[in-house]
Amino acid sequence: MVDNQKRIARWYFGGVASSIGISVVGMTRKIIKEDGVLTLYNGISASLLRQYTYTLTRFGIYAFGQQVMDTSSMSRKVALSSVAGFIGGLVGAPGDMLNVRMQNDVKLPADKRRNYKHAIDGLVRVCREEGPRHLFNGAGVAALRGMLMTVGQIAFYEQTKDVLIENFGFKKNMNTFIFASVVSAVTATMITQPFDVVKTRRMSARPGEYSGLGDIFIKTAKEGPMAFFKGSIPAFTRLGPHTVILFLTLEFLRTHFGYMPAEK
């Protein structure tokens, strides 16, 4: 087991771990009562598309970067995770937009719902009805949000884990992984929530509703500073368990299916 802890995660483990970590939280009872059990599966295909584009990209880039640069310091972890998250946000923008639209459909009046059948249907309809460029509505914000999320999740998880093990004598076990993942989830929620609010409004907007990102920021700011933090508790309720499951799964995959580093 000690030797197994030296194994290195493969580049695609992040995407696999994140897709396993998808869970249904929040308005479950209300959704079941008003729209039926099958509504819980709205957005699942889009969520999977997002995980296998956005999350796979950012974790893959970070895993590759760890092999070619020194990530022992927090500043280097932040730098690498920032690049990985920004690129991942751009790559995953279409899946992210569809995920937002499909999950928000249930909150809209029946006559205003888009009723995408699944993620592929959503991609086709957006291209046909709005134009391909609309697949990247809010891509800039999604990239910035991806950068901050990856810093909050990966950099803070790795740094917290390293500090606990190297400075406080923690073992590489589940308790350490859970503690580090909770710290990363809290951090990620705090620094990404303002971008989540803007991103969701941009991706959910009908054509012409906003003139641009600046317009969204201005209109949101008029509601008060705390408008940027609406939904923080539900966001952590969703992100916290997902982050814990993600990193526990990632550590399991790394320990049992990772590869040993080449001998120097």
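Just so it is clear, glycine is given a Cβ too, placed from its N, Cα and C backbone atoms.
Note: TrEMBL annotation is automatic and uncurated.
Under the heading repeat 'Solcar', TrEMBL lists 1-68, 76-163, 172-256. Residues or ranges marked as transmembrane segment in TrEMBL: 135-157, 177-198.
According to DSSP, the secondary structure content of the repeat 'Solcar' (172-256) in residues is 70 helix, 0 strand, 15 coil.
When pLDDT is averaged over the repeat 'Solcar' (76-163), the result is 93.
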